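Positions annotated as Ca(2+) 1 binding site by Swiss-Prot: ASP18, ASP20, ASN22, ASP29. As annotated by Swiss-Prot, Ca(2+) 2 binding site applies to ASP113, ASN115, ASP117, GLN119, GLU124, with the evidence given as sequence analysis. Annotation source Swiss-Prot lists Ca(2+) 3 binding site at ASP147, ASN149, ASN151, GLU153, GLU158. The annotation domain 'EF-hand 1' is assigned in Swiss-Prot to 5-40 on the grounds of sequence analysis. The feature domain 'EF-hand 2' is assigned by Swiss-Prot to 45-90, with a curator's inference given as support. According to Swiss-Prot, the feature domain 'EF-hand 3' maps to 100-134, an assignment based on sequence analysis. Summarising the annotation, Swiss-Prot assigns domain 'EF-hand 4' to 134-169.
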Amino acid sequence: MTTAIASDRLKKRFDRWDFDGNGALERADFEKEAQHIAEAFGKDAGAAEVQTLKNAFGGLFDYLAKEAGVGSDGSLTEEQFIRVTENLIFEQGEASFNRVLGPVVKGTWGMCDKNADGQINADEFAAWLTALGMSKAEAAEAFNQVDTNGNGELSLDELLTAVRDFHFGRLDVELLG
């Protein structure tokens, strides 16, 4: 993937996560993203899986802030966010990506797995992606692309691979909104 494509995808993510539109990402923006996801799944703010997701997004913010040199009470500019994230993708590689983004994917996956069977079926996946603004038809097509073993269900590993592949330019299905 070219740096231009990565930068475009990361700019889109920055804009989505900048909830208050002030041109910077703060911890509150990451907390609001976790809340937004929880609400999309109809989860109560006090639910354990909501707290897990909030903690995961908090950890992601802490990582980004530390790498940008702004501290956990600071804020990241778009340039800092893109620089740190491109470094994660292009320099540090897949293992680091999994370590940093894995908890966020796992937290979202936990909310998506409504029947708690350890897998995400096509209906659960569609509920997630339609909450992000995709049509049901787009969600069905995305499921088919992400279900790499073709068993009609997604494991946590398949989902993390899909998120990573999007950021590495190997997949065009955006799963984190």
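Each Cβ is built from the backbone N, Cα and C atoms, and glycine gets one as well.
On a predicted model such as this, the values are computed, not experimentally measured, just so you know.
The structure, with features from Swiss-Prot marked on it.
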{"residue": "ASP20", "record": "Ca(2+) 1 binding site", "DSSP (3 states)": "coil"}
{"residue": "ASP29", "record": "Ca(2+) 1 binding site", "DSSP (3 states)": "helix"}
{"residue": "ASP113", "record": "Ca(2+) 2 binding site", "DSSP (3 states)": "coil"}
{"residue": "GLN119", "record": "Ca(2+) 2 binding site", "DSSP (3 states)": "coil"}
{"residue": "ASP147", "record": "Ca(2+) 3 binding site", "DSSP (3 states)": "coil"}
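According to DSSP, GLU153 (Ca(2+) 3 binding site) sits within a strand segment. Mapped onto DSSP classes, the domain 'EF-hand 2' (45-90) shows 34 helix, 2 strand, 10 coil.
Closest by Cα distance to GLU158 (Ca(2+) 3 binding site), from the binding-site residues ASP18, ASN22, ASP117, GLN119, GLU124, is GLN119. A straight line from the CA of ASP29 (Ca(2+) 1 binding site) to the CA of ASP147 (Ca(2+) 3 binding site) spans 31 Å. Cα spacing between ASN115 (Ca(2+) 2 binding site) and GLU153 (Ca(2+) 3 binding site): 12 Å, rounded to the nearest whole number.
Among the binding-site residues ASP18, ASP20, ASN22, GLN119, the ones whose Cα sits within 10 Å of the Cα of GLU153 (Ca(2+) 3 binding site) are GLN119. With the fewest other Cβ atoms inside 10 Å of its Cβ, the least crowded of the binding-site residues ASP18, ASP20, GLU124, ASP147, GLU153 in this structure is ASP20. Within 8 A of the CB centroid of the Ca(2+) 2 site residues ASP113, ASN115, ASP117, GLN119, GLU124, the other residues of that chain are CYS112, LYS114, ALA116, GLY118, ILE120, ASN121, GLU153. For ASN22 (Ca(2+) 1 binding site), the nearest of the binding-site residues ASP113, GLN119, ASN149 in terms of C-alpha separation is ASP113. For the domain 'EF-hand 3' (100-134), the model's average pLDDT works out to 87. Compared over the binding-site residues ASN22, ASN115, GLN119, ASN149, ASN151, the count of CB atoms lying within 10 A of a residue's CB peaks at GLN119. Take the Cα of ASN151 (Ca(2+) 3 binding site) and measure to each of the binding-site residues ASP20, ASP113, ASP117, GLN119, GLU124: the nearest one is GLN119.
All protein chains shown were included, and the count of other CB atoms within 10 Å of the CB of ASP29 (Ca(2+) 1 binding site) stands at 21. Closest in space to GLU124 (Ca(2+) 2 binding site), of the binding-site residues given as ASP18, ASP20, ASP147, ASN149, is ASP147, taking the CA atom of each residue.
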